[in-house]
Amino acid sequence: MGIKGLTGLLSENAPKCMKDHEMKTLFGRKVAIDASMSIYQFLIAVRQQDGQMLMNESGDVTSHLMGFFYRTIRMVDHGIKPCYIFDGKPPELKGSVLAKRFARREEAKEGEEEAKETGTAEDVDKLARRQVRVTREHNEECKKLLSLMGIPVVTAPGEAEAQCAELARAGKVYAAGSEDMDTLTFNSPILLRHLTFSEAKKMPISEIHLDVALRDLEMSMDQFIELCILLGCDYLEPCKGIGPKTALKLMREHGTLGKVVEHIRGKMAEKAEEIKAAADEEAEAEAEAEKYDSDPESEEGGETMINSDGEEVPAPSKLKSPKKKAPAKKKKVASSGMQIPEFWPWEEAKQLFMKPDVVNGDDLVLEWKQPDTEGLVEFLCRDKGFNEDRVRAGAAKLSKMLAAKQQGRLDGFFTVKPKEPAAKDTGKGKGKATKGEKRKAEEKGSAKKKSKN
């Protein structure tokens, strides 16, 4: 999920931090890519025409391998040096989110069975994609493939995005590559999105600079992390009634998430009192109305009357007309508004962003090697049923690009200096000389010197 609504918030409030460009502009760059996100993306996107995942004759899924092989070659072909970071053990705080994802997959599975009988092919395909789950086998197969391709692979002790951010901060790579916006929350200086998208989508690479975002939002990194938590992250239950605009407004008004939480909990208490008072008033009104809702009473009269036969008979009882029930007036109560879950350990979530479980970037060595062509043919063609000619052609392209000495980037040789502001002229009136007057004075001075000589 990443951070809910962060992309829109930045595009609206800090647009200068985001820029789109073609992949070829990243030539010569090293990028740490969130492999776990990429596997999930490939399993969903790389499919047959009927919407089913790619499989070999044995029924083994190969969508993830197809995606990694060809899209990595595409990046290398544009002069990019990718390395892939895989997830380790998720933090305990993420357990509830993972449990909900599992529940959603089960719901989608049940829905798919029903859609097969009553729904359209589009409904079935949509529900099938919601059931995608990355397994340990998927991870191991991708690691094996990338190693055979000569691409560096790192297994993070914790979150892959956090390790990508660490490598970017350490200067081992230019940027972190992921679709999850929480990569910025993990303090990655630069985030690249859409790197592993299909070329057919024609999606430009989105480059986001954290320092520019912080500058334009007028926030410290500490405040930015707290803003992201308030927006909604993978570690906590989302807060109801708080969208991106409200979250930013609250952080700007109160300064810290602690004060925001205190403010919202105060509002929640006021709302609870208001609802209770309205309920008490309604109950009182209903009790009052019950007095008018009793059975009609009869009046026994002692009078008599003469009937048509001239006989004296008792007069009928006089009935009281029933009184109408007084309608109970209901007090209007405003909607519940902003709500924070009762158990919402945001301080723990903040620590996971500030001090994630990662390997120090300086301790990691990233090495790009020549691909093992025969190993690729054995694994992809013999085991997984890939076309051998295509695999050999891809390996040859990979070998050529990794062996070639990459052209240096111009921005590596030159430093662009900011333009110095023009000196302010404080001269006034006659004392202020123009450029033309200065030049004439200099010419006169030089003429006098020549005449003396």
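Every residue, even glycine, has its Cβ placed from backbone N, Cα and C.
Annotated features, as they stand in Swiss-Prot:
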BINDING   ASP34, ASP87, GLU159, GLU161  Mg(2+) 1 binding site
BINDING   ARG47, ARG71, GLU159, GLY232, ASP234  DNA binding site
BINDING   ASP180, ASP182, ASP234  Mg(2+) 2 binding site
COMPBIAS  320-333  compositional bias 'Basic residues'
COMPBIAS  417-446  compositional bias 'Basic and acidic residues'
REGION    1-105  region 'N-domain'
REGION    123-254  region 'I-domain'
REGION    273-336  region 'Disordered'
REGION    406-414  region 'Interaction with PCNA'
REGION    409-453  region 'Disordered'
Among the binding-site residues ASP34, ASP87, GLU159, GLU161, report those whose Cα falls within 10 Å of that of ASP234 (DNA binding site); none is a fine answer.
-> none
Any idea which of the binding-site residues ASP34, GLU159, ASP234 has the thinnest Cβ neighbourhood at 10 Å?
-> ASP234
Could you tell me how many residues in the region 'I-domain' (123-254) are helical, how many are strand and how many are coil under DSSP?
-> 69 helix, 16 strand, 47 coil
Whole-number Å distance separating the Cα atoms of GLY232 (DNA binding site) and ASP182 (Mg(2+) 2 binding site) is 10
Once ASP34, ASP87, GLU159, GLU161 are set aside, which residues in the chain still have Cβ within 8 Å of the Cβ centroid of the Mg(2+) 1 site?
-> SER36, MET37, ILE85, ALA156, GLY158, ALA160, ALA162, GLN163, CYS164, SER178, ASP180, THR183
Indicate whether ASP87 (Mg(2+) 1 binding site) is helix, strand or coil by DSSP.
-> coil
Whole-number Å value for how far ASP182 (Mg(2+) 2 binding site) lies from ASP34 (Mg(2+) 1 binding site) (Cα to Cα) = 12
Count of other CB atoms lying within 10 Å of the CB belonging to GLY232 (DNA binding site) | 21
Tell me whether ARG71 (DNA binding site) sits in a helix, a strand or coil according to DSSP.
-> helix
